[in-house]
Amino acid sequence: MASVFHYFLLVLVFLDTHAAQPFCLPGCTCSEESFGRTLQCTSVSLGKIPGNLSEEFKQVRIENSPLFEMPQGSFINMSTLEYLWLNFNNISVIHLGALEHLPELRELRLEGNKLCSVPWTAFRATPLLRVLDLKRNKIDALPELALQFLVSLTYLDLSSNRLTVVSKSVFLNWPAYQKCRQPDCGAEILSSLVVALHDNPWVCDCRLRGLVQFVKSITLPVILVNSYLICQGPLSKAGQLFHETELSACMKPQISTPSANITIRAGQNVTLRCLAQASPSPSIAWTYPLSMWREFDVLTSSTGEDTALSELAIPAAHLVDSGNYTCMASNSIGKSNLVISLHVQPAQALHAPDSLSIPSEGNAYIDLRVVKQTVHGILLEWLAVADTSKEEWFTLYIASDEAFRKEVVHIGPGINTYAVDDLLPGTKYEACLSLEGQPPHQGQCVAFVTGRDAGGLEAREHLLHVTVVLCVVLLAVPVGAYAWAAQGPCSCSKWVLRGCLHRRKAPSCTPAAPQSKDGSFREHPAVCDDGEGHIDTEGDKEKGGTEDNS
């Protein structure tokens, strides 16, 4: 009887002991340390922070796991947690309330995650936090008040991130730094503020001037883990140590030009120059009245530190190029504008260059283009500027020998588009625009060709996204056909198609590569003008068809 009672007593003791043993997650290790109970989970497939952790844990280590966020209320039952290590996970987001219910937290280590930013105000909930390890993340900015709520912080590691520019105010606003700058701050505290900032891609321009000065003059209570901070940019500073770098103060762009008022003859080349001095280096852009229609080459170069020169080249200037050209320079500090006035005077008729679009016997500048496909054809758009003060009417001529189509449209003032409908496949068309009562002239015409019938809906869909090949533009048109339009002037001396279309010449276009919706290139018959008014396609050859080019 005594032996039975003794056995029963042992069972009760065993059950009581195991009932009191705290729960440990499967695959993890729980242990008792000098500071309390520890949970360590390494290379465990945890998609989120477990919500059933015991409040008896003083340290939690979850490392090399697929954690991707720290959601709000992650540690609601762990008010006594002091050490939280979440190194080498995939955490990219820390929610604002993630650190709530952790008033006793002393260490937060997040090394080797994917954080681009940190909700710094979340540290209001952790007034006792002393160690914050954020190295090897993707943090690219520090707000000036980032450390405002880290009142007890003594160790901050931001090394191996993507910081380029940081204000010295970040550290001047650090409460622990301010406290230890007081005259009565003890020597014991003076050596306790440790910061790691190395291995970041620092851009050593004027915006980093304050931090560079701070690092140069750093003394206790701040200690840098690695004081050899290196500039990665700009190119003139790359490789220099902070201690070797002298940076100027920031300033908004100041613009100058050799000449703000330029007068030239039509047909002459002219280059407008704009010199901008700024720190950091400025970006420069040009605006002018006809920028949507006439694009000029712009060359911007660096002539020295914090100095940029921009040159806008206008070849063979037209009368319509007269006007104000605005050079705009901007940087992070501000922007400035400079206006250059260009006056283009008429050239003598006998010496007018061939490249001018204004005919000697006319008095208008006209730029005619095929701009897009419409439901039933194409859309023409033009810029027309008459050399008179009165409102001018224009005449649009549309013709095709193959389609036996000749159309004359009278265009009133203020209209600059016209839709050409009911186009036939495999046909070349030409459109010309001139002043009312005048015949079309060289430089005012545009030729376009519709492709052969491409078949079903799928074939037509593949032609909606195309590439530009030299001066040729592929356009989808109804019933699966497609067209290219020569954007340059027609070479005919008279407004007749026969001279252009029936002159013998080699194929004048290269195979174009239509793009599908996914951006890949698909094989498609190339459309070429063989000089005899018909369209030759590679698709015909695949079908075994032949064309008589003799």
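Any Cβ shown, glycine's included, is placed from N, Cα and C.
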So, in Swiss-Prot, which cysteine from C250, C274 is disulfide-paired with C327?
C274
According to Swiss-Prot, which residue out of N52, N261 bears the annotation N-linked glycosylation site?
N52
Quickly jot the same-chain residues contacting the repeat 'LRR 1' (80-103) by Cβ under 8 Å, restricted to those at least six beyond its ends, or write none.
35-36, 55-74, 109-116, 118-119, 121-123, 125-128, 133
Model confidence over the domain 'LRRNT' (23-54), averaged pLDDT
86
Other C-beta atoms that fall within 10 angstroms of the C-beta of C274 (disulfide bond)
26
Other same-chain positions with a Cβ less than 8 Å from the domain 'LRRNT' (23-54) and lying at least 6 residues past its termini are 60-71, 74-78, 80, 82-83
